[in-house]
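Below: one structure, written as structure tokens.
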Amino acid sequence: MSDAVTEAVAKTNLLDLDREGMEHFFADILGEKRFRAHQVMKWIYHQHVTDFGQMTDVGKALRAKLEAVAEIRPPNVLFDKPSADGTHKWLLGMDAGNAIEAVFIPDKGRGTLCVSSQVGCGLNCQFCSTATQGFNRNLSTAEIIGQVWVASKHLGNKTHLNRKLTNVVMMGMGEPLLNFDNVVRAMSIMRDDLGFGLANKRVTLSTSGLVPMIDRLAVESDVALAVSLHAPNDELRTELIPLNKKYPVAELMDACVRYLRNKRKGDSVTFEYTLMKGVNDSPAIARELAKLMKSFSNKMQYADAGKVNLIPFNPFPGTRFERSGETEIRAFQKILLDAGVLAMVRRTRGDDIDAACGQLKGQVMDRTRRQSEFKRKLEQQGVSDAA
Ligand code: SAH
């Protein structure tokens, strides 16, 4: 490679490449053996090394070559904050003006990292604070896997607390299926032994229900699927999730059936259901949801093909929704359980650092004007802490 070429071309951030990309980069761009790619991946993901100079089993000449054309550039940690309950939140700078959040949640025997896929979100789900921020852009593969890298480095430094990252959920800011290629590539690094080595079932993608993309995911990746359902019928679901107009409940459930048929028998889809007072938490709606879940299991011909995750609504400034009462939450769960539907209540963690579902905000240079509309609405209501 001539100097003129190397100077003209921006350095490749190796965090953007999965194993296949790394092998291609080393073999076809650098003219090196493939196993060199594997060595470098281990330095990056197992040792958290970003300086080629420290990669002691990589020859000097190759290290110099790498320095000229490549870099390992994780996101900038702008701010990080532990919660009293062990939850940890990072604010990560993506570029000038944009920042996203990632949250680590330790729980009996496991540690889950909640990862963002976009700066903001364009879907405008009525009960989600990210929606009020508007949308700026998709995250790159490096920016997605970089969140896992930052958290795992941080946790690695604290082994004495016996906390370890065991699960990743794509449940942070953004709709992961609208950033398909970068998300799939990042999830492949999460599950690769040369990356973070997580089992397939321990990486979960959560979607608001983009039917064609669920079908594509079934073919192109092998991860657990979670679907944000929040209502068992179209009338209510469209009110909460505008995307439902395009992909109604019946079509969404059929896509979930197709997804599972592509996977191992016995696998399940998790249906997220945020409980909002007087909106979607009545016994009649619980029965309707139970029926929908039973029909899903019947189609799969095994029990528990669908699991319901009940999430008590997490409030944010300016929202018109409220969390359901404890009695209603219990009653809703009981109706599902009595009907033979697996249903768990997901208890809120990280309350003191606004790290719960639907509360991640980051900093979004909005390009949809949603943020300014929301701020205007808040001002009208006399709410001032909307920054
Ligand atoms: N866009 C994807 C990923 C976001 S996941 C999706 O929709 O699935 C975040 C989960 O938290 C989703 O199930 C979302 O519907 C839910 N959620 C959003 N706002 C919430 C809130 N204020 N309280 C509780 N759950 C919320």
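A Cβ is built for glycine as well, from the same backbone N, Cα and C atoms used for every other residue.
Other Cβ atoms within 10 Å of the Cβ of Glu101 (active site, proton acceptor) number 25 in total over all chains. Look at TrEMBL and you will find Glu101 tagged as active site, proton acceptor.
Among the features that TrEMBL reports, active site, S-methylcysteine intermediate is placed at Cys357.
If you look up TrEMBL, you'll see Cys121, Cys125, Cys128 marked as [4Fe-4S] cluster binding site. In the shown protein chains, 28 other C-beta atoms lie within 10 A of the C-beta of Cys121 ([4Fe-4S] cluster binding site).
The Cβ of His230 (S-adenosyl-L-methionine binding site) lies under 8 Å from the Cβ of Phe127, Arg237, Leu240, Ile241, Glu272, Tyr273, Thr274, Asn280, each on the same chain and at least six residues away in sequence. Summarising the annotation, TrEMBL assigns S-adenosyl-L-methionine binding site to Gly174, Glu175, Ser206, Ser228, Leu229, His230, Asn314.
Looking just at the domain 'Radical SAM core' (107-352), the mean pLDDT is 93. As annotated by TrEMBL, domain 'Radical SAM core' applies to 107-352.
Checking each of the recorded positions (Glu101, Cys121, Cys125) against Ser206 (S-adenosyl-L-methionine binding site), the C-alpha distance stays within 10 Å for none of them.
A straight line from the CA of Leu229 (S-adenosyl-L-methionine binding site) to the CA of Glu101 (active site, proton acceptor) spans 23 Å. Of all the binding-site residues listed here (Cys125, Cys128, Leu229), it is Cys125 whose C-beta has the fewest other C-beta atoms within 10 angstroms. Straight-line distance linking the Cα atoms of Cys128 ([4Fe-4S] cluster binding site) and Ser228 (S-adenosyl-L-methionine binding site), rounded to a whole number, equals 11 Å. The distance from the Cα of Ser228 (S-adenosyl-L-methionine binding site) to the Cα of Cys125 ([4Fe-4S] cluster binding site) comes to 10 Å.
When the recorded positions Glu101, Cys121, Cys125 are ranked by how far their Cα is from the Cα of Gly174 (S-adenosyl-L-methionine binding site), Cys121 comes first.
Of all Cβ atoms in the protein chains displayed, 21 besides its own lie within 10 Å of the Cβ of Asn314 (S-adenosyl-L-methionine binding site).
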